[in-house]
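The region 'Disordered' annotation in TrEMBL covers 35-60, 418-444. For 62-104, 204-239, 272-313, the entry in TrEMBL reads repeat 'WD'. For 421-436, the entry in TrEMBL reads compositional bias 'Acidic residues'.
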Amino acid sequence: MTSNLFGRALGTVSPQALQRAETSRLLHSLQAAPGIRFDGSNRPVRHSTSGDGDKEGQEESIWAHRAGVNCLTIDEFEGRYMLSGGAESSILLWDLESVENTLKSSIYKPAVNASKSASSHKFGITHLSFYPFDSLAFLSTSYDHTLKIYATETLTPSASFDLNSVVYSHALSPIADHLLVACATQHPAVRLVDLRSGASAHSLAGHQGAVLSVAWSPQHDYILASGGSDGTVRLWDIRRSAGSLGVLDLEDSIGIGGEDGLGKHARPRSQGKAHVGACNGVVWTDDGQHLVTAGHDERVRVWDVSVGANALAHFGPIIKNTHLSTLLPMVVPSNVGRPGDQVMLYPNEKEIVMFDLFEGTLFKRLKAPGAAVAQASGSAGQRNIRNRVTSLAWRTGSIEMYSAHSDGVIRAWKPRTKEEVDVEKDETEQIDDGEDESRKRKRQALDDVFRDLTKQKITFT
C-alpha cells in the first residue's frame, strides 16, 4: 500500500490503478466481522453481569431465522437493503445502514417488524431476488410450489403464481425488458412466467430430471442457462422454436466454434454432461463471457460460453456439495481487484473458500464461527442439523459480504487488515489497562476511608 501511495505521489501510478490495488488488498483481507449480529427474534439483548457490574457472560444466542436461513440477496442500487429467507417460510428485510450499537456488539433488527412481516408462503423459502430495475419490489420462491411478487416496503405480496411443483430457484434478466421469470422446478423443464400477462408463458424442455438452477445472461437479452439433476447444463435462446442451443460437455476443452457460441452459425451439441452428478449452481461472470457451475461431483467448472468449452479451471479436492438445494458460487464483481483478476467465493459447507476463478488458486479459507452441529426449531419442533453456509450475498459499492447459515445466523464479512487488528488489540489493551487503573483508584479510596476511620477511632479512645 505504501509503495502505491508513493507511486501515486510521483505520478507513476494512476488513480485507477491505486483504487484497484486498494480494493484487491481489502478483498484479500476479508474476515468474519466480530460483534455484528442480525436479530430477528423481537426480544431484547440481555447480558449476564457479576456483582461489581463487570460483564462476564456472553450475549444470549441471537438468530435471524430460528429454523435456519436458506437464502440472501442485497439490492444492487444502493447496496442498503438485504432480504433473508428462512427455512420456516419467513422473509425479513434488513437495513444495513440502521444498526443498534451495544457495548460490544452491533445489532441489526428487521426494517419491518418481524411480527408483521410473516411470509405468505407455507413452506421454506428457496430463493429471493430484488426486481432488477427497482428495489421497491422483489420475487420469492418456495417449497410450496409458488412464485410470489412482494412490495419491499411492506413485505406484502402483490401477485402469486402456482407452478405445481417445488421451485428451487428463479431468475429475472438484469437487462431485458421482456419480464420473463425463469423458474427451476422439480418438473424436468424450465418454466417461464410472464409478469406482464400474469401467466406461464411456456416451458423449455430438455432436462431429464429436476431443474435446480437458472441464470439469464447479463449481456444477451434472450439467452438463459440452466443446470439440472441429470448433470447437464443447457443454454437456451427463448426466441427459437426449439429453444435449446445445446449442452456443455466436461470432456470438451476446445469448443464447437461458431460466430459467437450463441449465434446462428454455432453448431449445437446435443449430448454431454457438465457434471457427473446433479448440477445445482449456475452463475455468469458480469461480462457474460463465462459461466460458472457447481455440481454433486464436488467440482466447480468454468466455461467459455463463446465456444462452449471447459476452461479446465481446477479448484482442488476441498470442494464440498451434497445438498439438492441450489448452491451458488459467488463471482466477485470484476471492478473489485486488479485488472484481469477474477475472484470466486464458494460456500463450502462450514467455510467459505476464495479462489482465482480462472487459475483455481486457493487464496483463502474463511472459517465460519459456531458449532458444527446446531439446533434449529420449526413447525416440527427442535432438531439438530449440521451447520453449513447456504447462501452468499455481495454488497454493491463496498467490500462486504454476508452469508446465510443453517443454524439460523446471518454473518457479516468485512476487511480487517493486519494493521487494523493490531490497532484494535492496542485499543483493547488500553481499555483493560484503564479498567485496572480505575479499580486501583477505587480500592485506594476505600483504603484511605478505612484508614481515616481507624485513626479517628484511635483518637477518640
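Including glycine, each Cβ sits where the backbone N, Cα and C put it.
Given the structure is predicted, the values throughout are model-derived calculations rather than measurements.
Helix, strand and coil counts under DSSP for the repeat 'WD' (272-313) come to 0 helix, 20 strand, 22 coil. Residues 35, 37-41, 45, 47, 55, 110-112, 114, 117-119, 121-130, 132, 135, 138, 140, 142, 144, 150, 152, 155, 325, 376-379, 385, 390-398, 402-410 of the same chain, all 6+ positions outside the repeat 'WD' (62-104), place their C-beta atoms under 8 angstroms from a C-beta of that stretch.
Outside the repeat 'WD' (204-239), and at least 6 residues removed from its termini, the chain residues within Cβ reach (under 8 Å) are 166, 168-178, 180, 182-190, 192, 245-248, 262, 272-284, 286-288, 291, 293, 295, 297, 303, 305, 308, 324, 326, 328. Residue counts for the repeat 'WD' (62-104) under DSSP, split into helix (H, G, I), strand (E, B) and coil, are 0 helix, 19 strand, 24 coil. With DSSP states grouped into helix (H, G, I), strand (E, B) and coil, the repeat 'WD' (204-239) comes out at 0 helix, 19 strand, 17 coil.
Averaged across the repeat 'WD' (62-104), pLDDT for the predicted model comes to 91.
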